[in-house]
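Asker: Positions annotated as ATP binding site by TrEMBL: GLY12, PRO13, SER14, GLY15, SER16, GLY17, LYS18, SER19, SER20. Positions annotated as domain 'Cytidylate kinase' by TrEMBL: 8-219.
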Amino acid sequence: MPSDRLVIAIDGPSGSGKSSTSREMARRLGLAYLDTGAMYRAVAVAFLDAGVDPADTDAVIAATTGADIELSLDPDESWVRVNGRDVTAEIREPRTSAVVSTVARIPQCRADLVARQRALMDAAPSGVVAEGRDITTVVYPDADVRLLLTASEEARLARRGTELGGRLSASELRDQVLRRDRDDSALVEFQTAADGVLLLDTSDLTFDQVVEAILTLVKESTS
Ligand SMILES: Nc1ncnc2c1ncn2[C@@H]1O[C@H](COP(=O)(O)OP(=O)(O)OP(=O)(O)O)[C@@H](O)[C@H]1O
Ligand SMILES: Nc1ccn([C@H]2C[C@H](O)[C@@H](COP(=O)(O)O)O2)c(=O)n1
């Protein structure tokens, strides 16, 4: 990797604040922003569109490897297309969140998406902030800065609840945050930091405090 590029890898469980803080970091540092979860979500929409049964692993693999995924790497512009269709809003809907772990739990799907993610990261001219579950460990273990964001279950549930404006019941919320984390942990570890990965517990920090803390960690790690 040329030394004039900066690659920041951020992992963490659902609701830890990865997407919002990574996007802001990318803005502040003039880097691209890659939301790898959006790619898993786009595949979930593609297999729902195709009427694929989530229990049919071969069909989910075929839907993944055959999916044409396009997404914005501009932190100020958010859009995702799959197979030519704009799915920016649909990937965030509860019905997508309910099935997306199906993709995350199939090794062939992960391998396909990991290769695409690396290619996107390598192509970002100034560098990139990429976030997900396995960026620090699998997708880009050579990143200049590797960070695991955590937060207590209570904080994560409260944040997602606020974000969804109280539209979900307590049990639906637990399904979207805690059950999903359990299922997503089948093949990757994102609750404890791997060797060399920095850890930041955001439970008691405001959004601005988290951004400032990460900027400080980036400065310390790269100076
Ligand atoms: N430190 C914080 N304090 C309070 N709210 C926060 C904080 N960080 C992020 N948030 C808010 O919490 C919600 C979840 O954050 P975000 O979507 O960034 O999490 P995430 O880790 O990317 O979750 P997921 O993996 O499920 O997409 C958002 O509404 C975001 O604005
Ligand atoms: N690197 C990644 C990114 C995401 N996933 C899976 C796990 C999540 O349930 C789903 C959606 O991610 P989110 O938008 O909630 O960050 O995608 C993964 O396994 N690895």
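Backbone N, Cα and C define each Cβ position, glycine as well.
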Asker: Around the ATP site formed by GLY12, PRO13, SER14, GLY15, SER16, GLY17, LYS18, SER19, SER20, which additional residues qualify by having Cβ within 8 Å of the site's Cβ center?
Answerer: THR21, GLU131, LEU149, ALA151, ARG156
Asker: Would you find the one among the binding-site residues SER16, SER20 whose Cβ has the most company, meaning other Cβ atoms within 10 Å?
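Answerer: Within the set of binding-site residues, the most crowded position is SER16.
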Asker: Across all the protein chains here, work out how many other Cβ atoms are within 10 Å of the Cβ of GLY12 (ATP binding site).
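Answerer: 29, counting other Cβ atoms within 10 Å of GLY12 (ATP binding site).
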Asker: Find, for the listed binding-site residues SER14, LYS18, the residue with the lowest Cβ contact count at a 10 Å cut-off, counting only other Cβ atoms.
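Answerer: Relative to the other binding-site residues in SER14, LYS18, SER14 has the fewest Cβ atoms within 10 Å.
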